[in-house]
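Chemist: Handing you this structure, nothing more for now.
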Amino acid sequence: MQPFKTIGLIGRLGSPNAVETLKRLLRFLGTRELDVIVDERTATVLLNHGYPEASRSRLGELCDLVIVVGGDGSLLSAARVLCQTQTPVLGVNRGRLGFLTDISPDDVEERIGEVLDGHFESEQRFLLEAEVFRAGKQVGTASGLNDVVIHPGKAARMIEFELFIDGQFVYSQRSDGLIIATPTGSTAYALSGGGPIVHPRLEAITLVPMFPHTLSSRPIVVDAASEVTIHIGETNQAYPHVSCDGQTQVVSKPGDIMVVRRKRERLTLIHPRGHNYFETCRTKLGWSSRLGE
């Protein structure tokens, strides 16, 4: 018995390789007697595909599984929508790194066939939600699977802010900003900023300062249930931006307050059977193999 009956397809736009893999995947799914629905934006690059179309939010409501063909950015974008319906997501890598999209396009029929036959592993990944308040009123909100980043925007200047964890004062800082990362995001921008790699099963949030004007500032790891609050200094000349996964952003003003916490909804991420997180790290990050290999 197949665990999935209705499959949604989302593809990376502007990538001929992704389109090629999408067409190949559609042909394969057509042999499996499954209902297939194509994301309406993806459908613009799949002329005459012959399948029903729907928005991403509707895909989450209608589908048992959504397959994303693209890079990690494509999956991050889909995750922020599909987490609302807890729809399982499976990634086929047609990007660069592919930390989250772990099926090779060369193995698409074999590996996806195994998943459709019920041979897969699933895990829950939490997201972060950021809110910006001005004079006590919410002026913006956004969420991210990888991270929430506070940065000065286009201006190359430092910003001043105060950091609080669960209402307790941590420090005041002048820096280029702060990366607040999930375990999923610990191998993304936070890694470039000198943050630790955090196993995705850990319920933890990492805070990584960006070029702090101090010799003693280091990344901090806190419980994922923590509430992170940032008070933007009123004397800042820059208008700090709050960026989620590098894809959505809210512009703040000096004096604003930002609150970041774990989002209630989680992403259900599907992997082929035998998925190994540390093997992924070795492959994607260029870690050394065992001696003699």
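Using the three backbone atoms N, Cα and C, a Cβ is placed for every residue, glycine included.
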Chemist: Can you find which of Q124, Q247 Swiss-Prot lists as binding NAD(+) at the same site as D72, G73, N146, D147, R157, R174, D176, T187, A188, Y189, A190, L191, S192?
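Modeler: So, going by the record in Swiss-Prot, that would be Q247.
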Chemist: Within 10 Å of the Cβ of D176 (NAD(+) binding site), how many other Cβ atoms are there?
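Modeler: Taking all protein chains shown, D176 (NAD(+) binding site) has 17 Cβ neighbours within 10 Å.
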Chemist: Ten-angstrom check, please: count other Cβ atoms within 10 Å of the Cβ of D72 (NAD(+) binding site), all chains counted.
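Modeler: If we count other Cβ atoms within 10 Å of D72 (NAD(+) binding site), we arrive at 25.
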Chemist: Would you please pick out, from the binding-site residues A188, A190, the one with the fewest other Cβ atoms within 10 Å of its Cβ?
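Modeler: Least crowded of the binding-site residues A188, A190, by Cβ count within 10 Å, is A188.
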Chemist: Hey, which of the binding-site residues N146, S192 is the loneliest by Cβ count within 10 Å?
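Modeler: Each of the binding-site residues N146, S192 was scored; lowest Cβ tally within 10 Å is S192.
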Chemist: Rounded to whole angstrom, what's the largest C-alpha distance between any two of D72, G73, N146, D147, R157, R174, D176, T187, A188, Y189, A190, L191, S192, Q247, listed as binding NAD(+)?
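Modeler: The NAD(+)-binding residues span at most 31 Å between Cα atoms.
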